[in-house]
Amino acid sequence: MLLAALCCLLWSFRTSAGHFPRACASSKSLMEKECCPAWTGDSSPCGQLSGRGACQDITLSKAPLGPQYPFTGMDDREAWPSVFYNRTCQCFGNFMGFNCGNCKFGFWGPNCTEKRLLVRRNIFDLSVPEKNKFLAYLTLAKHTISPDYVIPIGTYGQMNNGSTPMFNDINVYDLFVWMHYYVSRDTLLGGSEIWKDIDFAHEAPGFLPWHRLFLLLWEQEIQKLTGDENFTIPYWDWRDAKSCDICTDEYMGGHNPANPNLLSPASFFSSWQIICTRLEEYNSRQALCDGTPRGPLLRNPGHDKARTPRLPSSADVEFCLSLTQYESDSMDKAANFSFRNTLEGFASPLTGIADASQSSMHNALHIYMNGTMSQVQGSANDPIFLLHHAFVDSIFEQWLRRHHPLQEVYPEANAPIGHNRESYMVPFIPLYRNGDFFISSRDLGYDYSNLQDSERDIFQDYIKPFLEQASRIWPWLIGAAVVGSVLTAVLGRLTSLLCRRKRKQLREERQPLLMEKEDYHSLLYQTHV
């Protein structure tokens, strides 16, 4: 009933998220390589007449890249987004968006001057109505076509360098599934040749900033779709879990009794269709995923013990947080003692040494789900993806608060393609740099309930010894206060008496030795009888 009501009531809400704006998918925009749509508020490109932004040339980073990708000019994602556009909206102040029609993260209001902090909460701390609303929002997004964005179904070359646009509509939820596919897909080299050692969002420094932006845009999209400006993505704290405790019909879907690889018919998500999962087919055809439905969600948690013998523990997380280096060595999945590589799951959470034979931390959850979520390109089809990555982001945030790194700690050069600090993140339009999200979540308008609680605990632990010491000397303090009060009263009385005596002496000393002139003459001319 809740879902039906939401669908009927909110179907007309317009949305905006990330990737190819519908307004920039024409042959004119592609051939002119310009994406500067008009803002509806004043009908000028980028809201320029209202001072919101301007259409400007894109300045690309010239920092050298790592050796992992040896080609140039073979992939549309290289030097993003220059293959498609070299001019986009550059927004001013707190404005943001492909036409500068939105506010930067953390700002609200018609002029983006109101600053607010939203809090992401543990999904198990949500009330039943809150949890049901979250599930309904997910399903609404799955059934609402994005009015503002489309997905390309061919490369720029296959579009005849923009003269023959190839784009499809897509629903709001699947837009983000497609983006996660596109950022991590293989490079199509022509014929039947591909290059697999490439990923613009994983296995390198940009893993955490990219997924941070992905969640922020997804969150913003749901806020606009539903009109619920207070919506935040809940997180799943999987530390020390013995099983998938959110894999129930009450939450993210239980087992189908007839087929353990499918979801229960009673689940919100049992009827969902997945996209972008046939990678070998796309590669063999040298084609992109076109958003065609490919069957139901698959999930059978905990049945690949060889690669994932257990879920991550609290000790594993604490070891990650203790690592002082964000990135190290080759800055890829072979990096040792790297916080990013250990949290991502390519290095052991016991030693910090890269280990290709095991999947730990973030990777462990994907493998543990044993289904759609276990394949990188299609993993965002499973809504557990959002809850999982929200918790991964909270660990990233905890590391930032513990170590207080300068932005310069994020690698400026020699990272794998797409991962340098000043590189624009694929496939987002408007444009965002990796380094822009190597900052505290509070500067982006959100926090985590578990981090707020832990900070209060840290403060209480800090002052606890002082409070205990104060409790031991409390009787003495009371006695001292009483004695002090008596002494203060006595001293005050003595001081008052001394002051009065002093004032009397001063009055006598201040009497004039000679009379005033008038009094003197009056006395002088007095007659005597």
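Placement of Cβ uses the backbone N, Cα and C atoms for every residue, glycine included.
For reference, Swiss-Prot has these:
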BINDING   His180, His202, His211  Cu cation A binding site
CARBOHYD  Asn86  N-linked glycosylation site
CARBOHYD  Asn111  N-linked glycosylation site
CARBOHYD  Asn161  N-linked glycosylation site
CARBOHYD  Asn230  N-linked glycosylation site
CARBOHYD  Asn336  N-linked glycosylation site
CARBOHYD  Asn370  N-linked glycosylation site
SIGNAL    1-18  signal peptide
TOPO_DOM  19-472  topological domain 'Lumenal'
TRANSMEM  473-495  transmembrane segment
Taking each of the glycosylation sites Asn86, Asn230 in turn and counting other Cβ atoms within 10 Å of its Cβ, which one has the fewest?
Asn230
Could you pull the average pLDDT for the topological domain 'Lumenal' (19-472)?
95
Do any residues at least six apart in sequence from His211 (Cu cation A binding site), in the same chain, have a Cβ closer than 8 Å to its Cβ, and if so which, in order?
Ala201, His389, Val392, Asp393
Counting Cβ atoms within 10 Å across all protein chains shown, which of the binding-site residues His180, His202 comes out on top?
His180
Near-site residues: Cu cation A, ref His180, His202, His211, CB cutoff 8 A to centroid:
Val183, Ser184, Ala201, Phe207, Trp210, Phe214, Val376, Ala380, His389
Counting Cβ atoms within 10 Å of each candidate's own Cβ, which of the glycosylation sites Asn111, Asn161, Asn336, Asn370 comes out highest?
Asn370
Specify the nearest of the recorded positions His180, Asn230, Asn336 to Asn370 (N-linked glycosylation site), where nearness means the distance between Cα atoms.
His180
Name the one residue among Asn86, Asn111, His180, His202, Asn336 whose Cα is closest in three-dimensional space to that of Asn161 (N-linked glycosylation site); these are the recorded positions.
Asn86
Going by Cα-Cα distance, which of the recorded positions (Asn86, Asn111, His180, His202, Asn336) sits nearest to Asn230 (N-linked glycosylation site)?
Asn111
If I take the Cα of Asn336 (N-linked glycosylation site) as reference, which of the recorded positions Asn86, Asn111, His180, His202 has the closest Cα?
His202
What kind of secondary structure is His211 (Cu cation A binding site) part of, going by DSSP in three states?
helix
Specify the nearest of the recorded positions Asn86, His180, His202 to Asn111 (N-linked glycosylation site), where nearness means the distance between Cα atoms.
Asn86
